[in-house]
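According to TrEMBL, the protein carries these features:
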type	residues	note
DOMAIN	514-563	domain 'Cationic amino acid transporter C-terminal'
TRANSMEM	75-97	transmembrane segment
TRANSMEM	152-173	transmembrane segment
TRANSMEM	203-221	transmembrane segment
TRANSMEM	228-252	transmembrane segment
TRANSMEM	264-282	transmembrane segment
TRANSMEM	350-370	transmembrane segment
TRANSMEM	399-418	transmembrane segment
TRANSMEM	424-443	transmembrane segment
TRANSMEM	455-478	transmembrane segment
TRANSMEM	484-501	transmembrane segment
TRANSMEM	513-535	transmembrane segment
TRANSMEM	541-561	transmembrane segment
Amino acid sequence: MGSVSEHDTEVEQRSYWRFSKQDFLPEESFQSWGSYCYALSQTCSRFKDRLISRSDDAKEIGELRKQSEHDMKRCLTWWDLTWFGFGSVVGAGIFVLTGQEAHNHAGPAIVLSYVASGVSAMLSVFCYTEFAIEVPVAGGSFAYLRIELGDFVAFITAANILLESVVGSAAVARSWTSYFTTLLNRPSNSLRFHTNLSKGYNLLDPIAVAVLAISATIAMISTKKTSFFNWVATAVNTLVILFVIIAGFAHADTSNMTPFLPHGAKGIFQAAAIVYFAYGGFDNIATMAEETKNPAKDIPIGLLGSMSIITVIYCLMALALTMMQKYTDIDPNAAYSIAFQSVGMKWAKYLVALGALKGMTTVLLVGALGQARYTTHIARAHMIPPFFALVHPKTGTPINATILITIFSSVIAFFSGLDVLSSLLSVSTLFIFMMMAVALLVRRYYVREVTPKMNLLKLIIFLLIIIASSMATSAYWGLRPNGWLGYVITIPLWLSGTIGLSMTLPQQRMPKVWGVPLVPWLPSLSIAINIFLMGSLGSQAFIRFGICTVVMLLYYVFFGLHATYDMAHQQPNPEGMEANNDNVGGKTEA
């Protein structure tokens with residue numbers, strides 16, 4: 001009877017489509033109202049446990065992956081990752097936000113905004129690359145922060161990742177509809193339903209929902225087939241971008257470049273904080289490490305190679321636009337189309353619209369892949385129900401996680417305009433990338449049970465100095481954009497924190513294959529730039545970010561905290577897990 005029962009259990013585990021309570025709430029705290037009330041009464045002690053707990057590389061790579069029951073297929077090479085890099089980044093941002101920010105904030109200096117955002121993005125790419133090579137799992141930054149900064153910080157990041165994923169996909173889908181109307185030579189909102197709801201939420205967009213659903217369906221079928229589709233679509237989009245750059249410079253008028261700084265340096269950084277959205281998406285590549293054949297070689301080429309080329313392309317496209325047309329005449333809604341029309345190339349607006357559609361389609365496609373893999377690993381840790389961690393045995397893709405993200409993105413895309421979404425997305429993205437740089441410094445300078453307590457204390461102090469001085473610099477910039485006295489204090493403080501790390505603390509861990517150069521300087525600079533760009537955003541963005549954070553914390557207190565606590569302290573381990581734990585040093589969480 002025992003063997004039959006075990007066989008039945010195996011058959012049940014192989015069944016992907018199941019919806020029992022145990023698939024959504026298997027943890028002990030949710031088995032009855034009594035258990036849940038007891039769990040709530042232990043909230044403080046459990047929070048302390050989760051706050052100081054740490055995962056490790058072996059647990060993220062091995063033990064947690066078993067929660068998915070089936071492995072994702074290792075089918076990607078550096079070629080796939082490079083094109084995924086292009087496909088995930090080059091989309092709505094460059095075609096939509098360039099004109100908007102050149103017209104409203106930066107003028108011709110929008111090219112410098114792209115340089116500033118590109119430098120910040122590249123520093124974050126360095127951090128992601130080192131982690132992705134050493135911890136090749138689908139969780140991306142969630143897994144990395146869970147290892148270095150603990151469970152609670154990982155949750156805050158996970159929640160922002162999901163927010164970024166949902167809002168980002170919704171924003172791109174809305175832009176897809178706008179450019180589709182341009183291709184049909186119709187007014188930009190003609191395919192949306194007008195309602196009496198509040199401004200920013202009153203234009204209902206069913207086409208955006210349909211595009212999201214189609215992209216998600218393709219992503220669920222096969223990762224390798226999605227890669228091929230992305231490669232073809234991105235290649236076409238690249239040809240359109242080359243046309244925009246060449247034709248733009250052919251019709252350039254240098255007089256349009258004056259005044260170069262109509263709104264001063266403040267305008268450059270205000271625009272840089274918004275156009276950072278155009279660089280968003282590269283972190284999706286890190287989530288595909290679990291499906292990469294040779295992560296140590298393929299990820300650095302795919303991530304660093306694609307982002308270097310994309311930064312150059314963005315700067316050239318921004319320069320071409322502002323040389324074709326005076327920044328005051330740029331149309332914020334259809335910048336490139338109207339610019340070509342102004343130089344007598346009316347037909348080119350259709351080509352630009354087609355290129356933008358192709359780019360946004362690949363952004364949605366790669367986004368559907370990356371977002372689902374984030375969600376899968378978050379569910380493996382039981383931050384959200386483990387039902388969403390399951391990988392389909394035939395497709396090798398996380399179908400449940402893909403559907404979850406698509407539903408939320410579709411609801412937001414149906415109601416919300418791009419202007420409402422882009423600033424919120426930038427705050428969330430910059431916060432995540434800042435935390436990644438902090439995590440890299442912790443990884444290099446601290447190893448549990450190895451680093452002396454005095455060195456740990458120094459590390460904490462220096463990190464606080466770096467973060468506090470960066471926040472002070474950003475605040476002073478916002479309050480006194482033309483002042484200089486405050487920087488005499490804040491910048492030396494940042495330098496002292498970074499020098500303190502460099503001169504007084506030995507690195508406890510060196511990367512085995514590839515690592516961020518010039519540590520601690522580049523990660524520290526990444527922290528400073530990301531915080532500075534966050535401070536350049538408007539107050540509305542932070543109000544929305546704050547509201548979302550409060551909702552996240554409520555969810556954590558009433559669900560995520562207790563689910564992850566039970567997951568970390570479950571008794572006993574599944575068959576075969578004990579041996580695995582012995583190999584990695586026994587208990588993996590504090």
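Glycine is treated like the rest: Cβ placed from N, Cα and C.
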Overall pLDDT for the domain 'Cationic amino acid transporter C-terminal' (514-563), taken as the rounded mean: 86
Long-range environment of the transmembrane segment (541-561) - Cβ separation under 8 angstroms, sequence gap at least 6: 40, 43, 46-47, 50, 152, 155-156, 159-160, 163, 383-384, 423-424, 426-428, 431
Closest-packing stretch to the transmembrane segment (75-97), where packing means Cβ pairs under 8 Å, from 152-173, 203-221, 350-370: 350-370
Paired segments the transmembrane segment (513-535) and the transmembrane segment (399-418) in contact, 3+ CB pairs under 8 A: no
DSSP helix/strand/coil residue counts for the domain 'Cationic amino acid transporter C-terminal' (514-563): 40 helix, 0 strand, 10 coil
Remote residues contacting the transmembrane segment (350-370) - C-beta distance under 8 A, at least 6 residues beyond either end: 84, 86-92, 94-96, 140, 165, 168-169, 172-173, 175-176, 179-180, 182-183, 185, 211-212, 215-216, 218-220, 223, 226, 229-230, 233-234, 236-237, 239-241, 243-244, 281, 283-285, 287-288, 336-337, 340, 402, 405-406
Whether the transmembrane segment (399-418) meets the transmembrane segment (203-221): three or more C-beta pairs under 8 angstroms: yes
Remote residues contacting the transmembrane segment (484-501) - C-beta distance under 8 A, at least 6 residues beyond either end: 441, 445, 458-459, 461-466, 468-470, 472-473, 476, 520-521, 524, 528
